[in-house]
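Participant: Per Swiss-Prot, the feature transmembrane segment maps to 20-40, 54-74, 115-135, 148-168, 212-232. As annotated by Swiss-Prot, Zn(2+) binding site applies to His75, His79, with the evidence given as sequence analysis. What Swiss-Prot lists as active site is Glu76, and the listing cites sequence analysis. Look at Swiss-Prot and you will find 257-315 tagged as domain 'CBS 1'. The domain 'CBS 2' annotation in Swiss-Prot covers 322-379, and the record cites sequence analysis as its basis.
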Amino acid sequence: MLSLSLGGQFMNNNIRVGSLFGIPFYVNPSWFLILGLVTLSYGQDLARFPQLSGGTPWILGLITALLLFASVVAHELGHSLVALAQGIEVKSITLFLFGGLASLEKESNTPWQAFAVAIAGPAVSLVLFLGLTIVGTQIPLPVPGQAIIGLLGMINLALALFNLIPGLPLDGGNVLKSIVWQITGNQNKGILIASRVGQGFGWLAIAIGSLGILNILPIGSFWTILIGWFLLQNAGSSARNAQVKEQMEAFTAEDAVIPNSPIIPAGLNIREFANDYVIGKTPWRRFLVIGADNQLLGVLATEDIKHVPTSDWPQVTVDSLMQYPQQMVTVNANQSLFEVAQLLDQQKLSELLVVQPSGEVVGLLEKASIIKCLQTSAA
């Protein structure tokens with residue numbers, strides 16, 4: 001599976017176990033539960049072979065389970081390596097209760113690049129299925145070995161086919177998203193359609209699982225219901241994210257600038273600054289100092305004026321006390337508000353300086369002002 005923000009509660013408390021091609025590799029505590037269950041199931045099946053005795057079936061069951069999850073990791077690496085080739089950072093690969101997850105920093109730039117990333121995982125699983133099938137049919141192996149190879153081959157086939165279901169958050173949903181994106185030219189429409197299809201499959205899985213538990217259908221179990229719930233939750237999350245993105249893309253950074261941002265002109269003396277901007281005025285403790293051309297010159301903290309005797313305030317100007325803000329990140333006033341919000345989140349910033357293309361300061365922007373902008377537009 002692929003994700004920009006997938007996982008929810010299942011992705012908490014991950015344990016880092018190393019790196020793969022420079023990609024951080026994690027396992028979620030829920031993975032150990034499924035590892036134990038799979039080992040138990042495979043061990044019981046292998047214990048039926050008379051050639052295997054004692055603890056051998058259980059050791060082979062554990063090895064088979066680990067090879068199964070190695071197949072899942074290979075599937076996720078397929079996504080990840082194609083994404084890396086497109087210059088997209090892969091933040092992590094995680095094994096968890098429902099399989100594996102490759103977490104990408106951002107979307108691909110084009111529909112066909114998105115298609116390539118999405119299809120790479122199932123393609124790897126299909127290649128593994130073909131390779132294991134050839135090994136199992138062409139190379140003489142003990143019967144238990146043939147059973148293990150055959151099982152791994154079929155699991156990889158099932159992994160590919162299940163992930164090709166055309167609904168988010170599955171790979172098939174990302175394939176559908178890229179196709180709709182290519183046809184309509186609208187990425188959000190692709191996400192919304194693939195999310196709705198994913199929700200439909202989620203409800204279908206829940207229905208099948210419920211009917212199976214009631215013995216109305218010969219298939220379906222509690223596990224089917226759990227998978228359906230997972231699909232519903234994450235498809236719904238994808239749809240909501242797409243709607244928020246669509247709303248935010250209608251605005252620019254300038255639209256979300258804080259009204260009356262703390263901007264003061266160079267040449268202002270400390271007495272004027274204190275009277276007009278500080279004493280009984282605003283809660284700001286840091287001000288942007290701009291020149292006659294409205295370009296940023298520096299930043300003045302209110303704490304700095306305490307070092308100047310009050311008798312000297314009329315003679316000392318703010319630009320003589322200011323410091324240049326080396327760490328302040330700027331964005332273009334015309335930049336999409338969605339891109340700006342992503343920058344705030346990715347770099348863990350509290351605020352951004354918004355400037356015109358010519359460099360003129362517009363004001364400050366922060367998460368609260370983005371939320372207020374969206375709420376005002378929705379009212």
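Please read every residue number as a count from 1 along the shown chain.
Glycine is no exception: its Cβ is also placed from the backbone N, Cα and C atoms.
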Participant: Residues of the same chain, at least six outside the transmembrane segment (148-168), with any C-beta under 8 angstroms of its C-beta?
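Facilitator: For the transmembrane segment (148-168), the nonlocal Cβ contacts are 1, 42, 46, 60, 64, 67-68, 71-72, 75, 99, 121-123, 125-126, 128-129, 132-133, 135-136, 141, 174-177, 191, 194-195, 197-202, 231, 234-235, 238.
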Participant: Counting every protein chain present, what is the number of Cβ atoms, excluding its own, within 10 Å of the Cβ of His79 (Zn(2+) binding site)?
Facilitator: 29
Participant: What is the pLDDT of the domain 'CBS 2' (322-379) when averaged and given as a whole number?
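Facilitator: Overall, the domain 'CBS 2' (322-379) comes to a mean pLDDT of 88.
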Participant: Under the DSSP assignment, what numbers of helix, strand and coil residues are found in the domain 'CBS 1' (257-315)?
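Facilitator: Taking each residue of the domain 'CBS 1' (257-315) in turn, the totals are 18 helix, 16 strand, 25 coil.
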Participant: What residues in the same chain, six or more past the boundaries of the transmembrane segment (54-74), come closer than 8 Å to it by Cβ-Cβ distance?
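Facilitator: Cβ under 8 Å, 6 or more out: 20, 25, 31, 35, 38-47, 93, 95, 99-100, 124-125, 128, 144, 148, 151-152, 155-156, 159.
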